[in-house]
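Annotated repeat 'CXXCXGXG motif' per Swiss-Prot: 112-119, 123-130, 149-156, 160-167, in sequence order. Taken from Swiss-Prot, the feature transit peptide covers 1-36, and the record attributes it to sequence analysis. Per Swiss-Prot, the feature zinc finger maps to 96-172; the stated evidence is sequence analysis.
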């Protein structure tokens, strides 16, 4: 057989786990009973063979002991490297001071939390439909009819009261200006439209 690698189950007298441990009589004789049987594990090793090799029979004890010492450390290193690569690829490259100084394209802008930077919010009175259910009392019966929303004037959206339509999270300087009173009056009377 010419194969580059194969997996073999090693259950011989030379291996640390012998078939004698699998017998019920042996476990009962030791006194462990079921607890001893639960500690039994099978051992499977992968051995790479060249075309010249004659199989598992020629593997000496010294070579297997060498493999036992080197294989777990190399597997641990591989697992650590694999975990580190996965973590780095999931989180992305770190944003340091140099990245901030070079370009700010990767950094998101701070936006208003109320409107998410759009400058407009959905009217809370009509739910964004622009229609409002009004009660019409004519004669003996009451009738509900849909009219224009008195809060948003039928538009369904209002100017954000937190950022005043700018979309920015901090506009305290805007409110200190003398023309801010006129701006607020227009906004509350519905004369300022969202996105205008």
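Just so it is clear, glycine is given a Cβ too, placed from its N, Cα and C backbone atoms.
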List, by number or range, the same-chain residues at least 6 past the repeat 'CXXCXGXG motif' (160-167) whose CB is under 8 A from its CB atoms?
-> 111-115, 117-121, 174-175, 183-184, 187, 192, 194
Do you know the mean pLDDT across the zinc finger (96-172)?
-> 79
Which residue counts does DSSP yield for the repeat 'CXXCXGXG motif' (112-119) in the helix, strand and coil classes, in that order?
-> 0 helix, 0 strand, 8 coil
